[in-house]
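Per TrEMBL, domain 'Peptidase A1' is recorded for 162-505. The active site annotation in TrEMBL covers ASP180, ASP387.
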Amino acid sequence: MAISSPDPRCPPKALHKFTKAMPSSVRRCSPPQGSCLAALLALAALASAGRLGSAAATTMGGSEGEWDVLSVSSLLPSSTCTAPAAASNSTTLRVVHRHGPCSSLRSRGEPPSHAQTMARDSERLDAIHRKAGGRATASTKLGGANVTLQARWGKPLGTSNYYITVGLGTPARNLSVELDTGSDQSWVQCEPCDDCYAQHDPLFDPAKSSTYAAVTCGAQECRQFGTQNCTSSEDDDRCPYALTYGDNSRSTGNLARDTLALAPGTTLPGFMFGCGHKDAGIFGEVDGLFGLSRGMASLSSQLAAAKLGAAGFSYCLPSTSSAVGYLTFGGANAAVAAPANAQFTAMQTGELDASLYYLNLTGMTVAGRAIKAPPAAFAAAEGTIIDSGTAFSRLPPRAYAALRLAFRRAMARHGYRRAPAPAPFDTCYDLAGHRTVRVPAVALEFGDGAAVRLDPRGVLYAWDEAFQVACLAFAPDPDLGVIGNVQQRTLAVVYDVDGKKIGFGAKGCA
């Protein structure tokens, strides 16, 4: 596409002289309407995006709507770790992708393939369906006998890809645990471990912690969160638990309490967790998992109950696995801090599972224009949740079809070639030979007026690194809407549980 001058004060020769040395991938982009100076500045921004390689996206606008220009290489993780920003308060923890160069958990094996990532995402989605379906019991095998356990902690969903490092016990032992907004429970692998997966750190040894205490069968916590078949004996009065995840990973052990150190000077005495003695699955090398759902046993709920902060937390998931995000909790008796640019929307009540975080998604825009789907098209039968463990967002079929149509038309206007699409995707593009890509801006709209523009790296997902194929990172689902972690990238996501609202702030992390 030739570059044209919309303004007589800016003759084509001037633009041609300015763009002669530009890469072809940048020259294809027409400048927005405006004066000669505005056109030259727009082209300069495009040129910069082409030169900087992995630089942040450049936001553009004009007669064609809102769109972003970013380097193709920025869709892929770097081989080096991006240093995190300084912590804003004493309760800020680093959020690390377990398969990226910032992770200390990479010594064994290769990261999962894209096909494996999609398979695990489907397993987690199935687990959410089962959890939202309100089933009250789970059958598992414990101690050599088939027994039925009441899922009083809520149905566990499966593994995610992000972890934090905390201290457990006295003296504190540093442990790396996954974080999961879809889970109530927290657990770590403990000594003695008869059947455990290989983890990065030594197993947590309760005998070496002066503040460790097992939860007994007669304790209220056992009646609330333990299994139905807890029986006391002279040899063992510990309260058992058993969890089976959607991907068939499992953790079995006993409930316990110990001191949890989130950061220097910030501790939670009597933190309740599962001490796992028989664990298996695709947890990688993490030492356990911490739940952040709305359930009573989650970490954020326990912090609030101990009056160490309001019920809530905030996090930012990095743009790629080579960057670092954060997780933070509110200070003593204070609400979770929110960025100044945060847009808040009300939490909805989940009719089938009150522990998940439901939102009222009612619309979307592509390139600044509303897609052709009424609010009713976004009303999923099981509601719409925001989830840290599901990778790719799901929409009801009618809403997804409208998003797909608008996105395809926007990409076609700039000549991007479609590429074969692996399931569940159906809208992919061949970016071979492109140093930069124009991505139409995609925004989520909620029923109370909040609008959240996604980072472009939360819109396109690089599926094939060798051939540079990138796909629209959404998929349809007939029953459940999900805002996944890919779409949450670089957003400061604030869970104000006390205020019953969730906020989104742009550029929360790199």
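Counting starts with 1 at the first residue shown.
Placement of Cβ uses the backbone N, Cα and C atoms for every residue, glycine included.
TrEMBL labels come from automatic prediction, so no person has curated them.
Taking the Cα atom of each, ASP387 (active site) and ASP180 (active site) are about 8 angstrom apart. Residue density at ASP180 (active site): 26 other Cβ atoms are found within 10 A of its Cβ, drawing on all protein chains shown. Model confidence over the domain 'Peptidase A1' (162-505) stands at 89, taken as the mean pLDDT rounded to a whole number.
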